[in-house]
Amino acid sequence: MPDEQIKHVVCGVIFNEYGQVLVGRRRAGVDYANSLEFPGGKVEHHETHEQALIREFEEEVGITVANFKLIYEQRVNGTSEPFHIYFYLIKDFFGQPYGAEGQEVFWLNVDEIDYNRFPPATQLLIQNFILTNNYLNEIYG
Ligand SMILES: Nc1nc2c([nH]c(=O)n2[C@H]2C[C@H](O)[C@@H](COP(=O)(O)OP(=O)(O)OP(=O)(O)O)O2)c(=O)[nH]1
Ligand SMILES: [Mg+2]
């Protein structure tokens, strides 16, 4: 499939004041069912990545997000179709996150992240950006 036609997926990586990262659990019956994830989803045709992130965070975890920085991207062959996934560091948010679609959502200490519980593309993001401590410069640097 040519790159122009491929679906775009945007995901957000958010840290709270305690340095914990926001994680959700994918529900049964979807691609990568029951694995952990960073909230996000597919970009719609009329949307920019930022608009999609704002919408997905409102829909999935009930918070308003702002101030994004692209930290990792990758083409994925996917379980049913290929997509291109973009991970954004989200520097500001308003509200208290909860599982607005009935899913489990929680804050995780960075030293408790088991990357094997995430989909493959997210494992690479975690290995390249979080476990290397690269995120510390972006947040506090
Ligand atoms: N949200 C999210 N999706 C991920 C991650 N890693 C990863 O490979 N994916 C994949 C799973 C899906 O195949 C694809 C799209 O994400 P999604 O299922 O959340 O899409 P969506 O919210 O738009 O859901 P839907 O409308 O299709 O039900 O991205 C991740 O860390 N977070
Ligand atoms: Mg989603």
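Residue numbers in this text run from 1 along the chain shown.
Just so you know, glycine gets a Cβ as well, placed from its N, Cα and C.
All annotation found in TrEMBL is predicted automatically rather than curated by experts.
From a predicted model like this one, the values you see are computed outputs, not experimental measurements.
According to TrEMBL, the features are:
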DOMAIN    5-131  domain 'Nudix hydrolase'
BINDING   R26, E37, F38, P39, G40  8-oxo-dGTP binding site
BINDING   G40, E60  Mg(2+) binding site
### Rounded Cα separation (Å) that holds between G40 (8-oxo-dGTP binding site) and E60 (Mg(2+) binding site)
8
### Query
So which of R26, E37, G40, listed as binding-site residues, have a Cβ under 6 Å from an atom of ligand 1?
E37, G40
### Task
Can you tell which of P39, G40 has the least company, meaning the fewest other C-beta atoms within 10 angstroms of its C-beta, among these binding-site residues?
G40
## Note on the structure
Filtered by Cβ under 8 Å and at least 6 apart in sequence, the residues in the chain of F38 (8-oxo-dGTP binding site) near it are C11, G12, V13, V21, L22, V23, G24, F87, T122, L125
### Task
Express the distance between the Cα positions of E37 (8-oxo-dGTP binding site) and E60 (Mg(2+) binding site) as a whole number of Å.
12
### Message
According to DSSP, collapsed to three classes, what secondary structure does G40 (8-oxo-dGTP binding site) have?
### Response
strand
### Task
Quick one: pull the CA-CA distance for P39 (8-oxo-dGTP binding site) versus E60 (Mg(2+) binding site), whole Å only.
7
### Query
Around the 8-oxo-dGTP site recorded as R26, E37, F38, P39, G40, what other same-chain residues have a C-beta within 8 angstroms of the site's C-beta center?
C11, V23, G24, L36, G41, E60, T122
### Summary
Across every protein chain in view, the count of C-beta atoms other than its own within 10 A of the C-beta of E60 (Mg(2+) binding site) is 21
### Query
In sequence order, which residues at least six apart in the same chain have a CB under 8 Å from the CB of R26 (8-oxo-dGTP binding site)?
Y32, A33, N34, S35, L36, E37, Q103
